[in-house]
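Reviewing the structure listed below.
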């Protein structure tokens, strides 16, 4: 219950890592959440599933490199300060 | 003095926003700005400076130093403005006492108010001091601080107080606020709603519940648990109605917001979203206060 800002940062890093490790071909396509299934039609009503798939794909593309940096920093800090 | 004029002129620049319709704040600095150019680039005062200024080298150094300092301030302002939009934040704090009192009354008793629309002025919302329906950040910030203080008071009466508790309460409430704003942003994105709700608007709307929270804790301190439950119930219902009536105009399409029944999956989804946002407020209000009242 007593959350700190540090806990929030940890949660955010863990969540982003979890989204980033979802592999495109081996996993997402198998359960029907692949990139090509997201682009349904060209109507103005994307639908929740398409938006969610879009979000997952963009998070994976955008956050890949910053996550490497942030994870390395976290590893070093945890090694040094426990 | 030549070099004294420059820092003054430059510093008045960012304050007068040219695209601002009626000035956000009254300009009370008319008299004061002439005498003391504030802070930066001042250099030594006139009397001891006379001796220094006779030396041309130090004169040059003085001019250079003052121009460098004002240039640095400008650059810092510009860079800070990129991350935290300071001019937009100023809009949310342009309130006056009448607005604050009316808005507080509206938060506790939103049942008699008829017109919930925000007035616009050339595509930007009017400043809060002119329109009671506009969101502001003053009440949420003050409500947050008051909630922390009342929480400290409540814990003190139960002999559970220590100075770290205040910090823990503050960061805990702040974290829940951030989580709630992120959840609302995510759900607004998923439902693909085209609103003009900015993130700061959402922070403002989520911050209005601190008023109800500290009223509940205060009543709990004065009247015991029954007082706490009664006032919390009243505040929860009021915040629920307030949030629904405010969000309805922003999220739903115009036809549905006017009360006409518009069928269709899109509008139903948006209505569910509004109800969910409004229902989350009482939950948070109870979650963040029940451990304070014994």
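Every residue gets a Cβ built from N, Cα and C, even glycine.
TrEMBL does not curate its annotations; it predicts them automatically.
Feature list (source: TrEMBL):
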- B:1-11: compositional bias 'Basic and acidic residues' (COMPBIAS)
- B:1-43: region 'Disordered' (REGION)
- B:137-156: transmembrane segment (TRANSMEM)
- B:168-190: transmembrane segment (TRANSMEM)
- B:202-222: transmembrane segment (TRANSMEM)
- B:228-248: transmembrane segment (TRANSMEM)
- B:269-288: transmembrane segment (TRANSMEM)
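Using a cut-off of 8 Å between Cβ atoms, the transmembrane segment (B:137-156) and the transmembrane segment (B:269-288) share fewer than three residue pairs, counting only pairs 6 or more apart in sequence. Remote same-chain residues near the transmembrane segment (B:269-288) are listed as 172-173, 176, 180, 183-184, 187-188, 191, 193, 206, 209, 212-213, 216, 232, 235-237, 239-240, 243-244, 247-248, 251-253, 256 (criterion: CB distance under 8 Å, separation of at least six residues from the stretch ends).
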